[in-house]
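As recorded in Swiss-Prot:
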type     : residues              : note
DOMAIN   : 39-183                : domain 'RNase III'
BINDING  : GLU79, ASP169, GLU172 : Mg(2+) binding site
SITE     : LYS165                : site 'Important for activity'
DOMAIN   : 209-273               : domain 'DRBM'
REGION   : 274-299               : region 'Disordered'
COMPBIAS : 275-291               : compositional bias 'Polar residues'
Amino acid sequence: MESPPHATASADEMPSIWKEQHAQDAPPGFVPPMGPGEVAAVESLLGYEFRDKALVEEALTHGSFYYPYRPGVTYERLEYLGDAVLTCVVSREVFLTYGQLQPGPLTRLRAANVDKEKLARVAVVHGLHHFLRHKAPNLDGQITDFIEELSMYPIHSNGLLDPPKVLCDVVESLIGAIYCDSNFNQEIVWQVFQKLADPLISLETLGKHPVSELFEFCQKTRRGVKIVKDEWDKNLTVEVLIDGEMVGRATYAQKKEIAQNRAAKAALDKLKETLGQSQTEPMSAEVSEQFNKIDLTGS
């Protein structure tokens, strides 16, 4: 994805820009505001025009942006607010859309539409990451890696990808900014988010978590399954044993949970290939109850 024409200059470029404009060195720690063109570009991407333009800048400013000088205003407060209001408006939407659905499936459906991966997808699909103000040295590379991996999972990876948290944060902070600017109007927030997140994950497109699907598959085929993650701290690897035999393995250094999910997916793919099977039936109530007791955090 190419940077849009109004993307903000990097933090390292800003002192030289100041010098060009003012014929003198920028004061230590100087951070120029976003220009009107940048703000307008963000508003265009969001489909919302702010009354208080300063909220746009606040929503896009990462804590690293002021390093090594004293901290300024960052997106953290707006992120907190946006997280809460997104949970509320999406909860309302799935509740009204699926009138007969029980709390368990409703919770999974809501989570799929507001989790870190879904919101990170929103950020990169609309190019919001180009306007992020930060000085985190490895962040741009992490975002690029995430974008390259997205093509493997058109809708959602269900726990197989590890998106940079800042992408999720910036969507939440912008939603929080819209909520504030609209005088706390949840309907406006929903209208904006619905367009940004299109297509929303529906009951028909809601995927299964690889660990839950693995346990369901093994129960149906009368196999014993064990996920071995005790050695992750030493070798960054998680293994899946089926009837005592190692069937799936995955290594991921950053998070044990991702290694666990990828190992479960590898084991599941191998089992299905062995049986010539591509899909499983919907999760039974008995298996669903057992799955709810499984630790999916990788701890």
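The backbone N, Cα and C atoms fix where each Cβ goes, glycine too.
Note: the Mg(2+) site is recorded as GLU79, ASP169, GLU172; in the same chain, TYR75, GLU76, LEU78, TYR80, GLY82, ASP83, CYS168, VAL170, VAL171, SER173, GLY176 also have Cβ atoms within 8 Å of that site's Cβ centroid. According to DSSP, the secondary structure content of the domain 'DRBM' (209-273) in residues is 33 helix, 17 strand, 15 coil. Neighbour counts of Cβ atoms within 10 Å were taken for the binding-site residues GLU79, ASP169, GLU172; the minimum is at GLU79.
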